[in-house]
Amino acid sequence: MLGARVQLKGWQKAAVAFGSAFGALLDPRRADLIAALGETTGKPAFERVLQRMKNSAEGRVSHAWDMPQNTFGAAYAQFMGSRNFSPDDRPPVRFMDTEELAYVATRAREVHDFWHVLFGLPTNLIGETALKVIEFEQMFLPMCMLSVVGGSARFSEKQRTLFFQHYFPWATKAGLKCTDLMSVYYEKHFHEDLEEVRRNWGILPCLSPKKSSV
């Protein structure tokens with residue numbers, strides 16, 4: 001996931017950021033462009049997250065699988081398996097200045113799927129856009145807010161109404177209510193009951209709208 005990092009000068013970062021932003025607005029599904037945008041514009045945010053992770057006893061990485069039903073681990077395995085997702089599918093980090101910041105950027109991509117499970121969000125355009133609201137509140141990455149703008153611009157009128165009436169208010173509240181999710185050692189909690197994990201971390205799962213138009 002760390003890959004071969006590319007050292008860029010200021011003007012080069014600006015060029016990559018501009019090109020990535022333009023491409024991501026045209027096609028928010030381009031994970032590589034969103035990743036490049038996040039790296040070239042997110043250094044201050046990643047530095048703040050790094051300091052929080054260093055100050056936390058849980059900001060580390062390991063793996064755990066094959067957990068009983070009703071556990072966080074089982075829910076995560078089901079989420080990944082049902083979508084044929086792999087933790088290694090994320091684009092490699094290329095434009096961060098240091099190994100530590102590259103690790104933070106990598107971890108931010110890894111925990112994305114954990115957050116889908118915890119908040120109960122689908123992986124369609126509305127679900128991804130709602131999760132970007134939470135990611136912005138957790139990390140203050142400019143890329144996250146741009147993704148919200150780009151994602152909502154692609155909604156149908158019905159989807160846009162649903163998003164801003166149901167998902168956006170919920171995501172704004174949920175992102176502020178929960179704990180610092182970048183400093184959590186998720187894998188250590190795979191064996192715990194999913195609902196208990198949510199309660200302990202202040203997670204507010206997304207309820208299905210009364211009339212879903214997704």
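One is the number of the first residue shown, and numbering goes on along the chain from there.
In case you wondered, yes, glycine gets a Cβ from its N, Cα and C as well.
Record features, source TrEMBL:
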BINDING   HIS112, ASP113, HIS116, GLU128  Zn(2+) binding site
Binding-site residues compared (ASP113, GLU128) - the one with the fewest other Cβ atoms within 10 Å: GLU128
Most crowded position, judged by CB atoms within 10 A, among HIS112, HIS116 as binding-site residues: HIS116
